[in-house]
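> This structure is in structure tokens; I'll ask about it shortly.
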Amino acid sequence: MAKFLLLALTFGLAHAAMEGPWKTVAIAADRVDKIERGGELRIYCRSLTCEKECKEMKVTFYVNENGQCSLTTITGYLQEDGKTYKTQFQGNNRYKLVDESPENLTFYSENVDRADRKTKLLFILGHGPLTSEQKEKFAELAEEKGIPAGNIREVLITDYCPE
């Protein structure tokens, strides 16, 4: 019983640390056109919110289309595996947290667009620019997921949308 309570407490603390204000620092994708400036999956995150014991995760972000920042909130629904969330945005999306530190959260996502094309993505959220060590770790993770390191885009410096 004690192990179960410790596990539940740890799970709750991890999700509590995940909630709050976060900004997209970098994005990687195997279809790099989707994350270039003006790309439909180049999102500028603002916050994560867990609801219903984190069975629902709300992600609030901006997309910048034609020079206009549009605020969007999506809700991801936790799937039976207890790790993956599913939502709709520019097609069907499945995403999960793959790395976590006090400074950054890294999510792996797969998007299947309306033309039935699959895109693998990594999003790293944080509060400031990545260190050299963090960049290297992100590049290694991208390669592990089948995303060329050359397809990483640092987006924090291009985020001109409102806070």
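We count from 1, first residue shown onward.
The backbone N, Cα and C atoms fix where each Cβ goes, and this holds for glycine too.
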> According to Swiss-Prot, the disulfide involving CYS54 connects it to which residue among CYS45, CYS50?
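Checking Swiss-Prot, the candidate bonded to CYS54 through a disulfide is CYS50.
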> Taking DSSP three-state, what's CYS54 (disulfide bond) in: helix, strand or coil?
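Going by the DSSP assignment, CYS54 (disulfide bond) belongs to neither helix nor strand, so it counts as coil.
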> Taking every protein chain in this structure into account, which of the disulfide-bonded residues CYS50, CYS54, CYS69, CYS161 has the most other Cβ atoms within 10 Å of its Cβ?
CYS54
> Between CYS69 (disulfide bond) and CYS50 (disulfide bond), how many Å separate their Cα atoms?
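Cα to Cα, CYS69 (disulfide bond) and CYS50 (disulfide bond) are separated by 24 Å.
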